[in-house]
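See structure below.
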Amino acid sequence: MATALYNDKDTSDELWKECAKWLTRWGMLRSDHRANWPDACIADLANILRDGVLLCKLLNKVDPGCIDMKDVNLKPTMAQFLSLHNIQLFLKACVISFGLKEHELFDPLVLFELTNFHKVLCTLSRFSLCTKAQQGGIMGFQAHKVKTQADDLIYQSLKSVEPPSNDRGMSDPIYDTASEEIYQDLCVVRIPFELQPTFEKRDFVIKELLDTEKNYVEVLAKLKRNFMQPLSNQMKQQDHERVFYKINELHEIHSEFHRELKRFRDPMNKLSLIFMRWRERFLVYGGYCANLTRATNLLQELCDNDENFNATVVAYEKEDNNGRFKLRDVLSVPMQRILKYHLLLQKLIENTDHNHDEYNDLTRAREAMLDVAGFINEAARDSEHLEVIHNLQENIGEWDRSPYHRLTNYGRLIKDGELKIKAHDDQKIRNRYVFIFDKCILICKQLKGQQFAFRNIINISEYHVDETHNRAILGRDARFGYSFHLVKNDNVMVYTVFVRSIELKQQMIKAIKDALDNIHPQAIKRTNHSFELTTFDEPVQCFHCSKYLKGLIYQGYRCSVCNIGVHKQCIAQSGRCGTHSHHHSTSSVESVTNGVDAGLRDKLWFVGEMDRARAQNELETRENGTFLVRIRPQSEEKDKYALTLKTNDTVKHMKICNTDEQERKYYLSLSKFFSNIEELVLNYQINSLRENFEKLEENTKLLWPYRQLLATAIRSFDPTDHCHLPLKEGQTVYVIGKEGYREGWWKGRNEHLQSGFFPSVFVRVEGEARFNTSRHFAQ
């Protein structure tokens, strides 16, 4: 058979592109993968190869069984010790199964650290032209050994490329595409062309949502009926629970969810409100998706080890779908479904008029489902990360294995690598392998394979980096010629750390500094909270932004005094620690997270359920114009809201009525109707309430919300419109609204009682304002 190859220009630019095309021809990269984009760069290809997973899969595709995929770490999350193990498996198979010579191979570190990517491409070129690879009928590519100076510059630039983020699918580019195709086949309904004229675009989207939900419920029902139930007697209970984890619960949730969707035309059951009600129950998908890889791997293992069991599964697959999809494929459908809701809502928003009653609520629902999707993705990523940490735990000897010393107690693995280290009270420079976690540096001696011997553990919060000495050191081992100091804060201990390259030195220092910033973020200095990096056992919403803290370990920060939880990026806006004047109503507001009230939760004037006497007491000492909207205790859905206003030194209570029509309207009197509570409030912030109540004065308006945010201007703002509020850097401003103008603009007032709008990015929220008297409105 004649050798097939590409013989193009000998430039690094052409060489890596030819390699990407070759991998695409073998089906290892999609044609639309980033490495195949017109503006792709060499780093796009290098990053997807450096953990060794794709290379091992490639060899197994060319010669099935040449690598036992059970030995491959499929989700190494860029941990160096696991990635190097994968690369070594690849190189060993290249020699044993494909006949490559030792001199044609690259060193594993060369790929992981990207110090000589040209050598990696040369090895892959040689592999593409070997006999077994050519027998597959896939055209190889030719590489020349000579590099130009320009080539060298391109390859050298890779040294500074940061490892890719732990993005799902990074090392398994085919998985998501296959799962998507299965989802489309099982859930998506094609609407016949002749029906289209009878529908508006918005109706099409709603029909798509309802039809796909109906089909998804049927997928779950068949999964239970055709696989889960009949296999229960043929699997160990723990294996059965792992493979079909939470399937019963998902079927129950979506059966109820679908029933509610079908009633979406009920004004009390709008689509946006349905999603807001169900978002918390959808968090169960965090556990499902985190377990999915383990479930499918276990199923494959059971089929591989038991021919009878495998034959039974195959028979059930034929009965279920004529053998088109494997059971493991169907198990991926729930993950695809939950990540579709925000896309369907976005499509619905795009086809909804801006003046539509539900437009704002749909936008809010989309944001909520995006937040749920982020929660689920992070849970899946952390699950993979925890697998890496457990793997490492099992491969470290000579240390205390008590529960207190579980590696998961120390946070996420940020960086690992080989180096030399010398303690100032030790005469020897020792070869060590270190693992940098959020809370510690684990120092080990590397043994054979993936085995390590424990040597020391450093509490990272007790140390800082001193990088004074930046010059390369020439000595007996010039390979480790770059150093920095790790200094204990009380100066009683210093470690000198030696690494191979300036790039690795920078990466190590950055990892340590990142870990220190995770433990003690700089933003904490701007608050009086006692925040600590914390693992939350249950889903928690951030005190500042109301979005979920994401992941499975050390998701955010909890104040040990007031117990609030926040994202790292929200610490600066978390306000003052302690009991706020509104604390009694916070629980009320937070308890009202479902139904019609979900959209009101974040409004500064909404307090949730509050009786008339409490409202009277709350506003008596507040200034005129202060108002709140509350839910009347024990009220039915009919006329459940009330407006309480301090005006003319008197507290007034006004019932907010609503119509019984299908498209419910709200009103204070029959003179004017509104589609929702927000519209009503916004109207009477601009127009007088006297049109409803003749005894009120002409200029009676809703001026100041019950809750107000205390903020500091972080830079000056010069108004360009009469409705804007000027800001000077360092000035105190009180936020009294987050809507009513442009996106990203807030309404506030200053100490001179001037009010107006300003860009929210110009201020830093310090917390909620506290009120003592009617004349001095905040402290």
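One-based numbering along the chain as shown.
Here the Cβ of each residue, glycine as well, is placed from N, Cα and C on the backbone.
For reference, TrEMBL has these:
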- 13-131: domain 'Calponin-homology (CH)' (DOMAIN)
- 201-379: domain 'DH' (DOMAIN)
- 412-517: domain 'PH' (DOMAIN)
- 528-577: domain 'Phorbol-ester/DAG-type' (DOMAIN)
- 605-706: domain 'SH2' (DOMAIN)
- 706-768: domain 'SH3' (DOMAIN)
**OP:** Would you kindly check 13-131, 412-517, 605-706 and say which stretch has the most C-beta pairs under 8 angstroms to the domain 'DH' (201-379)?
**Re:** 605-706
**OP:** List the helix, strand and coil residue totals of the domain 'Calponin-homology (CH)' (13-131) as derived from DSSP.
**Re:** 75 helix, 0 strand, 44 coil
Original post:
DSSP helix, strand and coil counts for the domain 'PH' (412-517)?
Top reply: 22 helix, 51 strand, 33 coil
Original post:
What mean pLDDT score does the domain 'PH' (412-517) have in the model?
Top reply: 89
